[in-house]
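Positions annotated as active site, proton acceptor by Swiss-Prot, on the basis of sequence analysis: His43, Glu70. For His191, the entry in Swiss-Prot reads active site, proton donor, with the evidence type sequence analysis. Positions annotated as 3-amino-2-oxopropyl phosphate binding site by Swiss-Prot, on the basis of sequence analysis: Asn7, Arg18, Gly192, Gly213, His214. The feature 1-deoxy-D-xylulose 5-phosphate binding site is assigned by Swiss-Prot to Asp9, His10, Arg45, His50, Thr100, with sequence analysis given as support. The site 'Transition state stabilizer' feature in Swiss-Prot is assigned to Glu151; the stated evidence is sequence analysis.
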Amino acid sequence: MPLLAVNVDHVATIRQARLAKSPDPVAAAALAELGGARAIIVHLREDRRHIGDRDVHVLRETIKTRLHLEMAATEEMLGIALKRKPDMVCLVPEKRQELTTEGGLGVAGREAELAAYVAKLAEAGIPTSLFIDPDPRQIEASKAVGAAYVELHTGAFADAATPAARQKELDRLLAAIPLAKSQGLGVNLGHGLDYDNIYAFKDTPGVSEYSIGHSIVARAVLTGMVEAVSTMCAIIDGFPD
């Protein structure tokens, strides 16, 4: 069955709203694991707007499952990844003005640059995932640069304004999953997934992991992190491998 990876960035967002010490994303990660999360995700942005270096360090020392580090493909972040040794790195595009990641990484056209970057991580035993749109060109380029996984960007599906638009985006995703698998890539899905729209994938094989953050943290504010995570786990547990 596919696994649930919980992103705790938005716990840090609440903390940073008051420049306080709580709520602590490290504590939230521990509770997410108690609820059944099989991995914890944090995005260490260049501007450190939510997750900070301390969070990555303490999470690496304390979580019992797996740590996935989302980051831009910069030299600074490469140094941090090589030092902290996350279980996976997911390379994402990054703009300082954006509220959240707005689209997939443009891998096509940057193959040589990204291949060298991915190789440095691989030499340290760190597999790389690339956060991409469900586009055949990006999938083929991801394979070419040596990525182990792709995370298909589900944001356009989640944000679609009409049923027809949502179906169009879902069809793109459903076509991209087997294409990526045929290239030997592992497939994760993430961005904008919640307790309702996740059911669109209930009969979809080939997904290794669902990456979910905001909807779980939003529910956790009202019901607690353990309940919020366990409810999502119960949904995903019924999905095919």
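Keep in mind that glycine also has a Cβ here, set from the backbone N, Cα and C atoms.
Ranking the recorded positions Arg18, His191 by C-beta neighbours within 10 Å puts His191 at the top. Whole-number maximum of the Cα to Cα distances across the 3-amino-2-oxopropyl phosphate-binding residues Asn7, Arg18, Gly192, Gly213, His214: 25 angstrom. Ranked by Cα separation from His10 (1-deoxy-D-xylulose 5-phosphate binding site), the recorded positions Arg18, His43, Glu151, Gly192 are led by His43. Cα of Glu151 (site 'Transition state stabilizer') to Cα of Gly213 (3-amino-2-oxopropyl phosphate binding site): a distance of 14 Å.
The recorded positions recorded for this entry are Asp9, His43, His50, and the Cα of Asp9 lies nearest to that of His214 (3-amino-2-oxopropyl phosphate binding site). The least crowded of the recorded positions His10, His43, His50, His214, judged by other CB atoms within 10 A of its own CB, is His214. The Cβ of Asn7 (3-amino-2-oxopropyl phosphate binding site) lies under 8 Å from the Cβ of Ile40, Ile41, Val42, His43, Glu70, Gly190, Ser211, Ile212, Gly213, His214, Ile216, each of these being in the same chain and 6 or more residues away along the sequence. Spatial neighbours are here defined as Cα atoms within 10 angstroms of one another, and by that definition Arg45 (1-deoxy-D-xylulose 5-phosphate binding site) has no neighbours among the recorded positions Arg18, His191, Gly192. Fewest other C-beta atoms within 10 Å: among the binding-site residues Gly192, Gly213, that description fits Gly192. With respect to Cβ neighbours within 10 Å, the recorded positions Asp9, Glu70, Glu151 differ, and Asp9 shows the lowest count. Cα to Cα, Arg18 (3-amino-2-oxopropyl phosphate binding site) and His50 (1-deoxy-D-xylulose 5-phosphate binding site) are separated by 11 Å.
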